[in-house]
Each structure stands twice: as structure tokens, then as C-alpha cells.
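Per TrEMBL, these features apply:
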- A:63-267: domain 'FAD-binding PCMH-type' (DOMAIN)
- A:144-150, A:199-202, A:251-257: FAD binding site (BINDING)
- A:302: site 'Important for enzyme activity' (SITE)
- A:398: substrate binding site (BINDING)
- A:461: active site, proton donor/acceptor (ACT_SITE)
């Protein structure tokens with residue numbers, strides 16, 4: 001795994017000597033392939049230049065890591081209990097951050113802030129109970145750690161924390177089994193079950209399997225007050241407010257999730273990708289809304305705007321034969337000339353169907369029929385599959401951008417159907433405008449997609465990136481623009497977060513989002529469960 | 001950028017204005033017909049949803065908003081929804097414009113001819129046009145011209161056509177519709193018609209607001225309306241209305257548009273076409289109903305010289321930056337946006353404040369001609385002036401006005417006396433000049449036998465016509481003048497005493513002049529600053545002291561307000577002395593007019609402006625606002641209940657400034673002062 005970027009060390013994008021983009025490694029469908037049009041897209045979109053590099057510091061500067069501030073009696077007691085631990089600087093640095101832009105940017109520059117003083121690896125529920133008990137006894141701060149994929153500054157060590165900080169790594173507590181949960185967030189390769197529960201995660205295929213709150217049957221969590229769990233596995237209960245909802249989304253402020261019982265499903269017999277081209281984004285949104293209304297959404301349905309469609313296009317690998325390229329040309333001709341779609345307005349929905357074969361085909365027809373009513377044209381499996389690939393490699397692409405003065409990130413929201421279009425347009429425009437006002441030289445990439453559909457609305461995902469040459473403090477500019485974009489989202493009826501969580505990054509808007517009484521309720525739970533603030537990551541509240 | 005322009009404290013000397021181009025110049029040298037038929041390719045809004053006028057109607061009728069209101073009205077009234085929908089459709093037919101390029105071309109042809117006959121020049125700031133061209137592409141635009149004449153919106157459309165800008169749709173009052181042919185012509189050149197009052201009619205409001213919003217949201221065309229609601233008969237800006245402003249801002253509040261650009265436009269006339277018509281109307285000679293034949297009779301006006309006309313396109317003001325930190329847009333998050341919501345108290349305050357500021361921008365960009373200064377002086381000297389002293393004082397006044405930031409169009413390289421004689425020539429119908437002596441007077445051949453009353457009215461027409469020019473510059477002098485009067489009536493020189501008087505006068509006159517509510521401290525400071533800079537006052541920590549050289553300026557400034565002070569005193573005297581229990585609101589104006597007329601005939605009042613119904617209405621509004629008079633509804637009639645003690649005390653406070661004794665003494669005192677130096 002990379003210490004200052006996304007994912008596996010062997011997988012990364014680079015521009016080779018011929019100036020062509022390629023993706024290294026063997027893990028992904030895209031691995032080992034040449035992406036001939038990425039360079040042009042990259043240079044054209046950001047005004048970037050392959051001559052202007054901004055390489056990262058190659059290795060961790062361990063001398064920059066402050067020596068651990070250990071609570072000796074705690075360490076002694078832990079040793080006696082036989083829990084694995086480390087205060088090796090590399091282990092500590094690795095667990096001091098998530099994947100927010102400012103965190104990765106600092107690491108690439110070799111800047112290291114406060115890191116946990118030690119890391120512990122419990123191997124079972126009993127271990128966790130022991131650790132929490134000792135932490136209370138010796139007053140140390142515990143920060144639970146799952147996969148480290150947070151994008152809400154949730155893993156940052158609070159600056160004001162004076163106690164010894166212990167990172168409690170739960171990632172090794174998972175076992176393989178022969179089923180699937182169907183929960184597939186974009187970070188799925190790296191994130192952890194405990195993390196999913198603690199952040200109210202959402203998966204790509206929630207339409208079939210549900211979001212984490214619908215998948216969970218039972219949760220066991222160790223808190224400073226003791227263990228919280230329900231007494232049975234009943235599928236639904238009317239026993240007052242659901243205590244699971246204190247845990248789901250608690251973002252590590254209340255305790256450590258040690259056991260989760262999830263619903264499992266047989267691995268689906270048949271999977272089929274698909275895609276639909278719409279003449280414009282409005283038509284696409286109208287189609288998704290209709291699909292949601294008829295409750296026939298496939299496992300996944302996503303609508304990319306025009307900028308993202310072009311971005312996806314730039315990731316097309318080199319075609320193997322003249323015939324394929326001829327076919328591509330023909331397709332393009334059909335859509336733009338024959339059907340009259342404007343290449344600067346058209347947008348694409350990607351689809352993923354799952355289930356037994358007959359039902360999938362039937363389902364597919366139903367969805368394509370609806371799409372046709374909104375001017376949508378089926379555009380093949382290949383486009384669909386590439387669309388989903390994009391979500392798994394986008395984080396790798398950010399690292400490539402950062403090698404060439406381009407920084408960016410994604411953020412998300414959920415919004416009622418009737419406001420989707422207005423919100424998308426206004427937020428994108430706000431980003432462009434804020435960048436201009438803050439001296440960004442080239443227009444930014446400001447793009448969105450609708451990634452989830454619900455009865456009452458949709459989840460919208462924004463990508464935002466820009467070329468920061470000429471800016472003295474690019475991260476600050478980035479943060480100001482993201483802040484403005486979030487304000488715009490809230491002003492347009494969007495939520496503070498659909499699934500990324502609040503962390504420390506979005507805390508300032510919590511009161512506005514849930515009312516001061518709501519916030520008070522959450523605070524009083526924290527007060528009761530963890531009066532000493534042992535789980536002191538200061539997220540959420 | 002734009003919001004800063006709107007909120008920056010006024011710093012008159014720094015005010016930079018664009019220069020003008022005369023657009024008639026080219027018209028005089030090339031074919032009007034070819035011009036009217038030329039290729040018109042306007043710059044378009046980047047987010048334009050192309051849509052025909054006929055489509056517009058069905059979009060409006062099918063809109064969620066209107067459908068919601070139709071159901072609501074139907075369930076309240078018991079009529080079927082079809083029936084209510086039919087009614088909505090009829091309202092829309094009555095309202096909607098039918099913009100046609102061919103009609104516009106016809107107007108362009110005829111107006112080119114007419115403008116060349118009427119005006120010596122029509123001047124436009126082309127930089128403003130360029131800014132507008134930019135603004136039109138970025139966001140939907142709302143044009144907010146000042147309103148002094150019927151000419152205003154014809155000229156606006158003419159100019160936009162000329163500069164290849166999208167033609168506006170214009171909110172016009174229903175009264176036009178009575179002129180059948182002209183009404184339809186205007187409709188085809190982009191006017192849409194709204195009823196003057198539709199207070200509680202939910203359906204009407206819904207159709208109207210949805211119609212405007214749909215055009216704005218789709219970027220169909222710039223929306224044009226008059227903040228002042230109607231033509232100002234006095235050439236003072238009128239207290240702005242906020243209804244339409246709210247409608248055009250709501251799509252931004254509700255997130256349906258990223259931004260809306262408001263463009264204030266100031267249209268000024270060297271000589272107003274409707275000049276004496278307005279004066280007669282103010283004196284209660286009823287306005288002829290707009291009729292086609294009436295308009296034809298107005299052909300006479302074509303043969304006269306109306307000098308120059310100026311159109312100044314202000315900086316576009318972004319609604320988004322205006323609302324920053326003032327409006328929480330998330331307040332609209334919890335209801336579907338199609339459900340109409342009354343503006344919240346905050347929003348209402350914001351709208352009102354913005355409307356006032358926009359009108360002040362309009363005022364600031366109005367071009368003032370030398371005649372405005374001359375008219376001011378002649379009104380203060382009802383017995384006339386020698387040409388030489390008129391020249392001298394005009395020159396003095398010119399410098400004062402410039403120091404206060406007036407947008408004065410004084411010809412370069414021309415001697416003052418020359419400028420004056422030109423101005424007098426253009427306005428000769430209001431003057432008599434003989435043996436180097438100028439006086440305001442009736443010049444139309446006097447009727448053989450006139451009653452004394454008629455004579456008073458004839459003179460009053462001249463005075464009010466002339467006042468309409470002086471009124472154009474009032475906004476420049478207003479704040480210092482209020483301070484000057486306050487200093488005379490305050491009990492001491494203490495700053496807070498003076499401020500209290502200033503504030504009292506400001507409240508008294510807040511229907512008369514454009515005074516932004518809540519800006520009282522700012523206005524006071526501005527007045528102090530201007531007079532201090534002029535060396536008239538010294539503002540110390542707790543005191544305000546007049547400088548040795550300040551008397552004349554202060555005396556001039558207070559006599560600027562004198563007609564209004566006297567007029568309000570007349571109204572209060574009437575309310576105290578003449579009224580009984582059953583004074584209805586309708587009877588008020590004619591009764592006060594008679595009262596004032598009697599005073600004039602008896603020689604006890606010299607101020608003809610007290611006869612103006614505008615002044616009388618504003619005075620009544622002030623007394624109502626200050627709770628000295630109450631409206632009581634008796635049956636169908638509204639009667640006025642006068643609290644005589646309160647009115648009396650207001651009159652006393654007004655009378656304290658005792659301006660009458662100072663009147664006309666400012667110049668002699670200045671002359672004396674100069675001799676002393």
C-alpha cells in the first residue's frame with residue numbers, strides 16, 4: 001500500500017516516455033493498458049503540461065515524526081494483557097490520515113503533523129474490551145481505525161488533544177466467507193466493515209442490497225460505559241428508537257464496533273452492464289426520476305454529466321483493431337449526426353443489473369423502455385463497464401494529477417428530485433466562479449453525477465479539480481472553494497452528506513443541519529456513554 | 001463588484017461616470033427604412049431555453065405553481081378546477097405580450113422619424129451598453145429604468161434593438177389597454193399588461209408571477225419594469241414598489257437560477273414632453289384618459305423642441321452578491337418550491353432596502369442640465385431676477401452642485417451667460433424676459449377674462465412645471481438641506497440635538513424624497529461630510545458649528561426645502577382648523593387644495609407648490625405614518641380621524657425652522673460676506 005497516495009503500491013497512472021498515459025500493475029482491468037487520449041484530455045481540461053511536474057517526496061521522512069508520547073502504565077498493562085502494539089513511526093504515520101486532499105498533499109510534501117503515539121491491534125472482542133477499559137483507567141485517547149479511507153478529516157488527531165493518542169486498528173478483524181453482502185462502496189477494496197457502520201456508508205448496489213443501515217441485523221460495540229447490543233436477531237423491532245442508530249454514523253466517537261451481523265445473499269448468477277446516452281443532463285435526470293418512481297432501478301444506475309462523459313472517454317484504452325475503431329466512429333456518427341445529439345451536451349447513464357438471467361433481461365428491457373421515453377439510446381455494455389471502472393481508479397488518477405500541479409477531490413450530497421438539476425447547475429457554476437475569484441488560472445474541472453436514486457431524491461457526487469500553478473497556497477484555495485460549494489449545496493436544499501460523513505471537515509454545519517435540539521440529543525448520548533471523552537477524535541459534534 | 005457599487009458610502013467627487021454618444025447622429029445621415037429592416041441578431045443568454053411566445057403560455061399554465069394555486073382556488077371557491085384553469089388562461093391572454101419583430105421594425109422606423117423631430121440628440125453611454133451585452137450573456141437580466149415619460153419604454157426597446165441586444169418584455173399598466181390599437185401595437189412590441197390593483201386575487205397573482213418567472217428562468221428575454229410603479233409627475237423619484245422585484249428575485253432565492261442581473265437605467269429629459277400635462281394633473285385638472293385619439297391630438301408636441309435626452313445604463317447589480325449574508329436561501333428548503341410563500345420579514349426588509357438603493361442609483365445617474373440650476377433659483381425668487389445676478393448665482397450653484405456629486409452636463413468652453421440664454425430659450429414658454437429681467441410667468445396668451453382663481457391656477461401651472469426641473473436636482477441637495485433646516489430648528493448646536501431634528505425631518509419627508517429606511521445615521525454623516533468639505537460647517541465631537549462663510553450656503557439649502565415645509569404646514573393647518581369628524585379620504589385632496597387656494601387669494605400664502613396634490617398626498621402619508629391622523633373604515637368609505645393635538649405639535653416643530661424669514665436672504669448675506677472679505 002502507498003503511504004502518501006491511494007491504494008496498492010504497484011498500481012498507478014503515469015505518463016510514459018512517449019507521453020502516453022498508462023496504468024501499471026495487474027490488479028485492474030485497466031492495468032497494463034495504454035490510454036492514448038488521456039494526455040490530451042488532461043492538458044486540454046486543466047491547461048496542465050507534462051513538462052511541469054510536481055513530484056511527491058519519495059519516502060517518509062521519519063525524522064519529521066515526533067517521538068511518541070506514551071502513557072507508560074497503559075503500555076505496561078496492555079503488554080500484560082497480550083495485545084499486539086507498535087510505536088513504529090511508519091505504522092503511526094499510516095494511521096494518522098484519511099484521504100482528504102489536504103492530508104495527502106501534506107504527505108506528498110513530506111509534512112507530517114500530529115500522529116497517534118501508538119497503534120494497537122486487538123484480535124477479538126475481548127481484546128477491545130480490555131483496551132477500552134485500560135484507556136479509561138489511564139485516560140488515554142482512543143481513535144478507532146478501519147481502512148483509512150475517510151474523506152472527512154475523521155482520522156486526523158485533534159490538535160487540542162494533550163493525552164497520549166492510541167490508534168485502535170480493527171482492519172485485521174475480518175474473515176472471508178463464501179457469500180456476498182452486496183455492499184460495495186467505491187473504497188470497498190480498502191475500507192472496513194466497522195468503518196462502514198461507523199460512518200453510515202452507502203454501497204453502489206444499494207438498490208438491491210440496501211445501505212449499511214438496512215444490511216445490519218445486529219451490532220456489538222464496546223464503549224467506555226460497557227458493551228451495547230440487542231438481545232436477539234429479530235429483523236425489526238418496536239422497542240423505542242433503534243439503538244443501532246446511535247452507533248451507525250457515530251464516527252468513532254462512542255466506541256469500537258467489534259461484531260456486526262449482516263444479511264448475506266447468494267452471489268448473483270448473472271451480471272450485466274449497460275449504458276444509455278441522453279441528449280442532455282435534464283433528460284437523463286428525468287429518466288432516473290421515472291425509474292425511481294416505478295421502483296425498477298437496477299443494482300446500480302448512475303448518470304454522468306457531459307464533462308464526466310468526456311472524462312470517461314479519455315480513459316478509453318488503445319483499441320486493438322481497425323474494425324473496433326471503425327465501429328466506434330460509426331457509433332459516434334450515429335449518435336451525433338443521425339440522432340442529432342450535441343457532443344457538448346449529451347450525457348451517459350451507466351447501468352448494472354444483477355440476478356438470475358431471465359429476470360435481468362426482463363429488467364433490462366423495462367429500464368431501456370423508460371429511457372427511450374426520455375430520448376435515451378442504448379449505448380452498449382462496454383461504456384457501462386468503463387463507467388464503473390472509473391469509480392475504482394479515480395482515486396489513483398488524483399495521484400497522477402498531483403504529479404502535474406493538478407489537485408482535486410470529490411464530495412457528495414443528497415437532494416430531493418425536484419431540486420437535482422438546479423443544485424447540480426448552481427454548485428458547478430459556484431465552483432467555477434469561486435476558482436476564478438481566487439486566482440486559479442485555468443477554468444477548473446467541475447462535474448457531477450447522480451449516483452443513487454431513492455423514492456424521494458438522489459445522491460449527487462461532484463468532482464472538482466484544478467491546475468494550481470501560480471497559487472501560493474493551493475490547498476487553502478481548494479478548501480475555500482469546497483467550503484463555498486458546500487454552502488451552495490445547503491442553500492439549494494442538499495444535505496450535508498449522503499455517505500461520506502461529517503468528521504471534522506463538516507462539523508461547522510451540523511447545528512444548521514440537525515437543529516440545535518438535535519445536536520443536543522447527540523451530545524447528551526456522548527456525555528452518557530463516554531464522559532471522559534476517551535474516544536476523543538472530536539468528530540461530528 | 002456590483003454589490004460594492006451599491007453599498008459603498010457615497011463619495012461624490014470620486015464618482016466616475018461614462019461618457020455619452022449621440023445616437024441620432026447616424027440616423028440623420030442614413031435611411032431609417034433600411035435601418036428598420038436591417039438584420040437583427042441579438043446577443044443571447046448562454047442558458048437560453050429556446051421557446052416561442054405561444055409555447056410560453058402552455059409552460060405557464062402547466063407549471064406546478066399554477067396548477068397548485070388552481071387546485072387551491074378551486075377548493076376554496078367550489079368552482080371546478082377546469083373552470084378555474086379556464087379563468088387562469090383568460091387572465092394570461094389578457095396579460096401576455098406577443099412580441100413580433102415586424103412590429104418592432106415598424107416602431108423603429110416611426111420612432112426614428114419622431115425622435116429626430118423631437119430631440120436635438122439622444123445620448124447613450126456606450127460603455128453601459130457593452131456592460132449590458134456582457135451581462136445579458138451570463139445571467140438573465142432585469143432592466144429597471146426610471147419613469148418620467150411614456151417615451152421611456154419606447155426608447156428602451158429602440159435602443160436595445162439598435163445595439164443588437166435582446167428586446168425586453170415590459171410590464172405595463174392596464175390603462176394602456178383602453179387605447180385599443182396602440183395597446184395591441186405595444187403588446188406586439190413586447191409589453192405585457194397588468195391590472196393596477198389585484199390585492200387579494202390569488203389566481204391573478206399566480207398567473208402574473210409565474211409568467212414573469214418563466215420568462216426569466218428560460219432566459220426568454222430581459223424583463224423590464226419600473227421600480228417606481230408609475231410615471232413620476234413631479235420628476236422626483238417615487239417611493240419604489242417591491243412586488244415585482246420580489247418576483248424577479250425569487251427564482252434566485254429558490255435556487256432556480258444561479259444569479260440575476262439587475263440593471264438600473266436612468267432616463268433624463270432636458271424638456272419633458274408631458275411637462276404642463278403633469279402640472280395640470282397635480283392641480284386636479286383630471287388626466288385625460290389614454291385614448292388613441294388623444295394621442296393623435298398630441299401630435300402638436302411633435303413640432304416643438306425638447307432639447308436632448310439622456311439614457312444611462314448603470315452597472316449590472318448581481319442579486320447573488322446583493323443577498324450575500326442577508327438572505328438565507330435554505331429557508332426555502334422545506335416546502336416544494338411550487339407552493340407560493342409570502343416573503344419573510346427579513347426578505348421583505350431586504351427587498352425594500354434594495355429597491356431604495358436601486359432608485360438612488362437611478363437618481364445618481366440622471367443627467368442634469370443647466371436649466372435645472374436656473375429653475376431652482378427662479379423658484380426662490382418669485383419676483384424675478386436680473387440676468388447678471390442670475391448668471392452669477394447660477395455659476396455659484398453650479399460649483400456647489402458639482403461638489404455634492406451632481407451629474408451636471410454643463411457645456412465645455414461656453415460662457416455662463418451664453419449657457420443661460422440657451423436654457424432660457426428652450427424653456428421660454430415658462431418665462432418672461434424683459435429688459436434684462438427674468439421672471440417665471442404665464443406666457444400663453446391670457447384668456448380675456450380670467451377669474452382670480454383661474455389666474456392662480458395658471459401661475460401654479462408655471463410654478464409646478466418649473467418645480468419639476470428643480471426636483472431633478474433635489475437628491476443632490478437633500479441631505480445637506482435637511483441638515484441645514486435641522487440646524488435652524490434645533491435648540492442648540494449639540495450634535496445629538498441637531499441629529500434629532502434631522503431625524504424628525506427625515507421621517508416627515510420620507511414619502512416625499514428617496515430616503516432609505518434605516519439609513520438615518522449614514523445620511524446624517526453624509527450631510528455633515530459634504531458641508532464640512534465645503535467649509536460650511538465644523539463638526540466637532542459633540543457640536544456642529546457653522547463656519548463664518550457658511551451662512552449663505554445653509555440659507556440656500558434650507559430654502560430648497562422651503563416649499564415643502566410650507567406645504568406641509570398648510571396641510572397641517574387645514575387638518576387642525578377645517579376638518580370635522582367626517583372627512584373622507586377621497587375628499588381630502590380637493591379640500592386641502594381649496595384651503596390653500598383661499599390662503600393664496602387672501603395673500604397669506606405665496607407658495608404655489610402647496611397646491612400640488614403630490615405634496616398633499618405625501619404630507620397626509622407622513623401624518624398617517626406619525627400617527628397624527630388615523631384611517632377609519634366606516635361602511636365602504638375610509639374617513640380620516642385627526643388627532644389635532646398631535647398635528648399641531650408637528651406643525652410647530654416644522655414651523656420652528658422659520659424659514660420664511662430667511663427666504664431669499666442667502667444671496668444678499670453672501671454678497672455682504674464677500675464685501676467683508
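Cβ coordinates come from backbone N, Cα and C, glycine included.
Residue A:255 (FAD binding site) sits 30 Å from residue A:461 (active site, proton donor/acceptor), taking the Cα positions as reference.
In this structure, the CA atom of residue A:252 (FAD binding site) is 24 Å away from the CA atom of the residue listed as 'active site, proton donor/acceptor'.
Checked against residue A:201 (FAD binding site), the recorded positions A:302, A:398, A:461 differ in C-alpha distance, with A:461 being the nearest. Reduced to three states, the DSSP call for residue A:255 (FAD binding site) is coil. For residue A:150 (FAD binding site), the Cβ neighbour count at a 10 Å cut-off comes to 29, with all displayed protein chains included. Distance between Cα atoms for the residue listed as 'substrate binding site' and residue A:150 (FAD binding site): 15 Å, as a whole number. Local packing around the recorded positions A:302, A:398 was summarised as the count of other Cβ atoms within 10 Å of each Cβ; on this measure the leading residue is A:302. For residue A:302 (site 'Important for enzyme activity'), the nearest neighbour among the listed recorded positions (A:144, A:147, A:150, A:461), judged by C-alpha distance, is A:461.
Secondary structure from DSSP puts residue A:144 (FAD binding site) in a beta strand. DSSP assigns residue A:150 (FAD binding site) to coil, not to a helix or a strand. Cα to Cα, residue A:144 (FAD binding site) and residue A:461 (active site, proton donor/acceptor) are separated by 27 Å. Sorted by the number of other CB atoms within 10 A, the binding-site residues A:144, A:147, A:252, A:255 start with A:147, the lowest. For the residue listed as 'active site, proton donor/acceptor', the same-chain residues 6+ apart in sequence whose C-beta sits under 8 angstroms from its C-beta are A:410, A:411, A:412, A:448, A:449, A:450, A:451. All chains included, 26 other C-beta atoms sit within 10 angstroms of the C-beta of residue A:201 (FAD binding site).
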